[in-house]
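Student: According to TrEMBL, the protein has these features:
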- 1-383: domain 'Major facilitator superfamily (MFS) profile' (DOMAIN)
- 39-55: transmembrane segment (TRANSMEM)
- 67-86: transmembrane segment (TRANSMEM)
- 92-113: transmembrane segment (TRANSMEM)
- 125-149: transmembrane segment (TRANSMEM)
- 155-175: transmembrane segment (TRANSMEM)
- 204-229: transmembrane segment (TRANSMEM)
- 241-259: transmembrane segment (TRANSMEM)
- 271-291: transmembrane segment (TRANSMEM)
- 297-322: transmembrane segment (TRANSMEM)
- 334-352: transmembrane segment (TRANSMEM)
- 358-380: transmembrane segment (TRANSMEM)
């Protein structure tokens, strides 16, 4: 079951990283601008955020399984629509639907684990899920780069549609209902409002949720800018970019593995603090390197690896600590985290492409790291 949940959580890196090498070629194929093509990324992230915000609270009343089934079916349909889109406007709309439906898998995968485990056990499970799901951002760009020549960017979306069908089958046969009827909240707007109030009034939850969201904001600043920075600024080919991206993505897996080994020896909050500190240190160093030293590969790539590695310490621990604060509304808590996470990503995506240099990306990483540290040290302070 954990493998299926990890695959559901991997919809974001699969549906973004796999087609990153194709972004420059899509600009010419659709006769549009770089900004318009990047909007296909931003609208996908916006859809993920909105989808989680709606599906998460619904699952507290309806259960997890049936919503997972509907979400994976819609994700497959939207993948087909992306593959056959004749214009960038239709592609943007299809990506919005793909994000909305994919959000169900992400928010409910977190909720299922929160239903089954608490505390350090939950932190370990979230980290293991990140290790399994972390294969996606390593493999996806390599697959995208390899598939781009033979089948083109449209073929990549056909592959994503096929992956959604695999997710559907996994849910159908391997994921049980984890929220029994006696633990579900009543339906209706009143119940939804009550759950939302319960979650957002928990200051510590909000602190961990913001730490989680801005940690991802730093990661997505790199993801959304990497294709253009590495290929157009550094001059590498799509194939070389795929290799660089895969190596950096392996940092998430490495960080998650180390984090899993250290849970029990150190508390989840201590490991989270280390992760945010690493993110901020690498981000500031990256900003100095891009503004003072220029965008030199040997300087920039190791610092980006540090940024990405820090996420392995942030995401699992922040998720477990936040969800542990709101055990009676795990779906709603997961939804708000996801909405903040991908809503922020949608805002960041078009901004990091301004100016055609790596500096906006570095600034976004530093700002995200600073906000994450502030939220952790203030709102999430328990004593």
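A Cβ is built for glycine as well, from the same backbone N, Cα and C atoms used for every other residue.
Automated prediction, rather than curation, is the source of TrEMBL annotations.
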Student: Quickly jot the same-chain residues contacting the transmembrane segment (334-352) by Cβ under 8 Å, restricted to those at least six beyond its ends, or write none.
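Tutor: Sequence-remote neighbours of the transmembrane segment (334-352) are 12, 35, 38-39, 41-43, 45-50, 52-57, 99, 103, 106-108, 110-111, 114, 196, 199-200, 209-210, 212-214, 216-217, 220-221, 224-225, 319, 322-323, 360-361, 364, 368.
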Student: Taking a Cβ cut-off under 8 Å, which residues six or more beyond the ends of the transmembrane segment (155-175) line up next to it in the same chain?
Tutor: 1, 3-5, 7-8, 11, 14-15, 18-19, 22, 64-65, 68-69, 72-73, 75-77, 79-80, 82-83, 98, 105, 112, 143-144, 147-148
Student: Would you kindly check 39-55, 92-113, 125-149, 204-229, 297-322 and say which stretch has the most C-beta pairs under 8 angstroms to the transmembrane segment (358-380)?
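Tutor: Going through each listed stretch, the top one turns out to be 204-229.
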